[in-house]
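Chemist: Here it is: the structure, laid out below.
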Amino acid sequence: MTHRTIHLFRKGLRLHDNPSLVGALESSEVVYPVYVLDRAFLEGSMATGALRWRFLLQSLQDLQSSLAARGSLLYVLQGSHEAVLRQLIQQWSITQLTFDTEVEPFYTQLDDHLCALCKELGVVVHSCVAHTLYDVKRIIKANGGEPPLTYKKFLHVLSILGEPDTPARDITLQDFQKCKTPVEDGREEQYQVPSLEDLGIEVDVEVLWPGGESHGLKRLEKHIESQGWVVNFSKPRTIPNSLLPSTTGLSPYFSLGCLSVRSFYYRLSNIYAQSKNHSLPPVSLQGQVLWREFFYTVASATPNFTKMAGNPICLQIHWYENQAALDKWRTAQTGFPWIDAIMTQLRQEGWIHHLARHAVACFLTRGDLWISWEEGMKVFEKYLLDADYSVNAGNWMWLSASAFFHQYTRIFCPVRFGRRTDPDGQYLRKYLPVLKNFPSKYIYEPWTAPLEVQLEAGCVIGKDYPLPMVNHLEVSQRNTALMRQVRSEQENTAQLTRDVADDPMEIGMKRECRDQRPSDDFSEKTERANKRFSPEGEHKSLSCNWASDTIRLPELSGEVM
Ligand code: FAD
């Protein structure tokens, strides 16, 4: 049978590796590409800040242009999925609905509704997995019906399953010549992507991360070009405070499906195949997308994954409820320049480096403020361009040592961590211009500067910039003791997500640290990095010994680093 098909875009805003769209084109006489801008659904499922709205609209515009270049059209309609599709199915005499399978609870619920609607209207549903490397249900099945709860076990299950499916072929002009999109002459206007103004959303910061498949592919190509960088990539050795990203910066594109992780994975495999040596999971680039896959798998089968209560893998902790302290963290007013600069970058640009995420997440939770990871997760969800249901919650549980990570005595120092890779504080001067005239010696702890130095810098601490909101050493010691107590009381829960070898990132990191000479000049390296990084994101691997920027608390390990 040849169908009349609606292909429904949700995530997966791309024409490469889009197997359900390929399926639609191969089984139909007409295909209508549709995006339903269901604001209640989008805002009800995850907090969406203005920057992510802009990224989404740009991605839709990009998709609309790519479809137009292939003689087709993207029909963008506002309203609820059910109401819009019910009307279109009848109006266009549709016989088939295609879309990508998603795993988040709000998508599975939506899919149930769409399937029921299609059943009622006699429409066939065809959906494929394309947002992850594997169908996560296959991984769970291969692990005996339970999600593997540690990365090591997860890799073991993947080794049984073999490589992921290869990406679907690219969609071309010929596809739409064989299978037309009936474009209603002169009526395309009504299907245009709405503007931010139309939606009443204000954004007044420049676009650093343009949304869309073509920008994502351009960024990917830039990285793939640099094969040495790809094969040597080692996550703990990248720099959190370089002025341009020292990692790929592809996460916003993966998050919305402007880029396919499978295509990325196979591009990396091809490069690895041509080199004698390459880094390995967990620290390699393929290792990074496998972390994503890991969190998707666990999230898909764990009740209340984005919450502490009712979440069986998460330690149940009596976090403090302190709105004033949370607000200081959120609005970059902690008085620790390293933390405040990161939070400023997050709010202004929507992307921060992984280790910068570590620093602020640890500070909010087990490090300093002892505030729930759920609060931090919600703030990240609102501001991150790459905000992702599974990955965000998984990493917040990790950083707060509520699950997955167990070396809770390792606490990041909010002064030394950033100074290690950027001793002059270029990153701080950029994001906290109020401190820009401080001498490097004081910039990470400006409250220690004599008053005359503060006056000369034009910034008096306590007046023009806040005093530190906590005594880091005191609160981190108190918190470690609290955490030790929680873990002894909830030993069984803690063990669920613990490998015998424990944290594999730490293992990778330690090896790196042994290889690293203490005399390495990080300042020079950071400067070189900033010179090399082109705005399009061409990066070189640089070393960063972040292990020594954590404190192991004395009463627990007898060591202060
Ligand atoms: P690269 O290092 O270049 O890695 C390539 C890709 O691998 C990334 O784009 C991403 O898709 C994936 N990846 C990398 N690190 C991780 C990781 N730790 N876990 C899962 N996937 C990973 N990432 C998100 O995509 N969305 C989030 O909402 C998110 N929230 C986070 C919250 C916290 C507290 C922390 C510590 C990390 C979070 N991360 C999140 C993971 C990670 O920080 C980002 O994926 C990464 O920094 C994105 O930059 P990149 O694309 O340059 O990564």
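Note: Cβ is positioned from N, Cα and C throughout, glycine not excepted.
TrEMBL: automatically predicted annotations, no manual curation.
Summarising the annotation, TrEMBL assigns domain 'Photolyase/cryptochrome alpha/beta' to 3-133. Residues annotated as FAD binding site in TrEMBL: 247-251, 288-295, 386-388. The site 'Electron transfer via tryptophanyl radical' annotation in TrEMBL covers Trp319, Trp373, Trp396. If you look up TrEMBL, you'll see 509-539 marked as region 'Disordered'.
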Chemist: For the domain 'Photolyase/cryptochrome alpha/beta' (3-133), give the DSSP counts of helix residues, strand residues and coil residues.
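Modeler: Result for the domain 'Photolyase/cryptochrome alpha/beta' (3-133), in helix, strand, coil order: 63 helix, 33 strand, 35 coil.
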Chemist: Which of these recorded sites is closest to Thr247 (FAD binding site) if you go by CA atoms: Trp319, Trp373, Trp396?
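Modeler: Comparing Cα positions, the closest of these recorded sites turns out to be Trp396.
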Chemist: Could you give the Cα-Cα distance between Trp319 (site 'Electron transfer via tryptophanyl radical') and Trp291 (FAD binding site), in whole Å?
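Modeler: Pair distance, Cα basis, whole Å: 27 Å.
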Chemist: Check Glu293 (FAD binding site) against DSSP and tell me helix, strand or coil, would you?
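Modeler: Going by the DSSP assignment, Glu293 (FAD binding site) falls within a helical segment, counted as helix.
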Chemist: In Å, rounded, how far does the Cα of Val289 (FAD binding site) sit from the Cα of Trp373 (site 'Electron transfer via tryptophanyl radical')?
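Modeler: Cα-Cα distance, Val289 (FAD binding site) to Trp373 (site 'Electron transfer via tryptophanyl radical'): 23 Å.
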Chemist: In whole Å, note down how far the CA of Glu293 (FAD binding site) lies from the CA of Trp396 (site 'Electron transfer via tryptophanyl radical').
Modeler: 16
Chemist: When the Cβ positions of the recorded positions Thr247, Glu293, Trp319, Trp373 are compared with the atoms of ligand 1, which fall under 6 Å?
Modeler: Thr247
Chemist: Take every residue in the domain 'Photolyase/cryptochrome alpha/beta' (3-133), average their pLDDT values, and give the whole-number result.
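Modeler: Taking every residue of the domain 'Photolyase/cryptochrome alpha/beta' (3-133) together, the mean pLDDT is 97.
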Chemist: Roughly how many Å lie between the Cα atoms of Trp373 (site 'Electron transfer via tryptophanyl radical') and Glu293 (FAD binding site), rounded to a whole value?
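Modeler: So the alpha carbons of Trp373 (site 'Electron transfer via tryptophanyl radical') and Glu293 (FAD binding site) sit roughly 21 Å from each other.
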Chemist: Would you mind pulling the DSSP three-state label for Trp396 (site 'Electron transfer via tryptophanyl radical')?
Modeler: helix
Chemist: Suppose we draw a 10 Å sphere around the Cβ of Val289 (FAD binding site). How many other Cβ atoms does it contain, all chains included?
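Modeler: Taking all protein chains shown, Val289 (FAD binding site) has 21 Cβ neighbours within 10 Å.
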